[in-house]
């Protein structure tokens with residue numbers, strides 16, 4: 001029996017875990033979610049590792065989750081692709097990398113590597129930076145500088161020492177490379193148009209402006225003394241003995257930006273690649289004739305060379321709905337809007353025929369623990385109005401709160417975030433059921449299920465725990481061995497629509 005509208009409701013970062021300590025999902029009062037879990041068919045899904053095209057044991061994330069959900073198949077992720085190419089040796093023959101290295105040899109200029117110094121595997125992996133250093137040595141590049149971004153979010157909040165020491169060990173092993181600047185990801189990897197943050201990173205890289213230190217460990221020591229953890233380290237310059245910067249980015253240099261996930265690499269890349277950039281005044285030292293390489297395709301708005309080009313995903317859920325003349329709505333607040341649009345559509349920027357999008361602005365606060373409800377109420381107000389207007393056959397909705405507040409590593413704000421989302425969930429599901437529709441309530445990965453470790457430390461990273469799935473249709477059962485790729489086929493099943501052969505996921509309905 002076909003249902004309309006069908007809403008796929010993604011509670012971002014809402015994982016399931018038996019241990020209640022540090023578990024905001026367990027601590028939160030969430031009467032609506034609990035009622036749906038008890039009343040309707042439900043199961044759990046794997047959202048990590050090889051189930052979503054990542055290496056075994058790797059935690060999932062929002063980009064990967066939405067790609068898999070929208071594609072209806074396991075999508076092999078950039079991390080897996082790059083790792084494989086290093087293992088098989090293709091990485092070291094990559095023509096895009098070779099051209100960048102040839103460029104600096106010809107111009108007698110420097111190669112700069114930008115990247116998140118972390119093995120979190122969400123935005124980057126430090127092994128990829130190590131591989132580039134090996135390759136630069138093989139290619140006889142003489143001057144290589146690393147501009148390192150500190151994580152503290154997908155890994156422990158004060159774990160940077162491990163990565164800075166590892167990087168120095170690699171420089172020593174290869175006999176090449178120096179650390180030039182160090183930045184908290186809060187600055188260098190902003191994705192919310194807070195150009196004042198990005199400008200601090202740019203000015204450190206190009207002008208050598210900002211706090212200066214003899215080495216990365218001295219910088220860390222100073223930051224920690226001032227209660228600044230890795231993520232928030234102020235963009236800083238590493239200097240030689242005489243106090244001059246180790247390196248700045250200059251005319252004719254080359255850059256390889258070694259993050260593979262686009263969303264937090266776009267803004268900094270635009271600063272260096274776009275002639276018509278208007279975010280801030282780049283000044284007279286803006287590097288000219290810069291040879292800029294992105295590890296993966298970041299965006300149409302970034303004018304750089306791409307080392308690992310995208311693999312095309314045909315017949316994602318959005319495309320199939322459009323082909324079969326179903327209307328669809330994508331709705332989220334700023335922080336997760338790219339996920340329900342670009343990533344959900346398999347890396348496609350444009351809307352499909354019959355697709356509408358609603359973007360609700362995320363609140364302008366320094367960190368979301370200060371406003372745990374974020375813009376959930378505004379998203380819900382807009383969506384309930386759309387449901388009552390009966391315009392859309394399918395709705396893709398993301399509530400950002402459990403993930404974005406969960407990254408704070410603070411229990412109380414994350415509990416509040418979930419309670420706000422639960423209130424909103426009740427309003428959305430009520431509106432759907434009143435119209436004879438159905439909801440699939442699920443998540444893309446875990447996070448809020450562990451925000452404090454068992455020994456009381458903040459846990460800011462995602463988890464590998466299973467995620468829930470509830471289908472608000474009685475009289476059916478759901479199988480227990482599902483993965484995120486099974487959600488799109490389930491949407492099509494509820495609609496009574498045909499599933500394309502490219503979708504290797506299977507409906508969760510038994």
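FYI, residue positions are counted from 1 along the chain as it appears here.
Yeah, the Cβs are placed from backbone N, Cα and C, and that goes for glycine too.
Annotated Mn(2+) 2 binding in Swiss-Prot involves 62, 444, 445 plus, out of the candidates 12, 119, 393, 498, the residue 12. Cross-referencing 191, 194 with the substrate binding residues that Swiss-Prot gives (123, 153, 154, 185, 261, 262, 263, 264, 336) picks out 191.
In the record from Swiss-Prot, residues 403, 407 bind Mn(2+) 1; the candidate from 392, 462 listed for the same site is 462. Between the alpha carbons (Cα) of residue 62 (active site, phosphoserine intermediate) and residue 36 (phosphotyrosine) lies a span of roughly 24 Å.
For residue 403 (Mn(2+) 1 binding site), the nearest neighbour among the binding-site residues 12, 123, 444, 445, judged by Cα separation, is 12. Local packing around the Cβ, expressed as the count of other Cβ atoms within 10 angstroms, is greatest for 444 among the binding-site residues 154, 444. Recorded residues residue 123 (substrate binding site) and residue 445 (Mn(2+) 2 binding site) have their alpha carbons 15 Å apart, per Cα-Cα distance.
DSSP classifies residue 191 (substrate binding site) as coil under the three-state reduction. Here the binding-site residues are 264, 445, and the one whose Cβ sees the fewest other Cβ atoms within 10 Å is 264. Secondary structure from DSSP puts residue 403 (Mn(2+) 1 binding site) in a helix. Neighbour counts of Cβ atoms within 10 Å were compared across the binding-site residues 12, 403; the minimum falls on 12.
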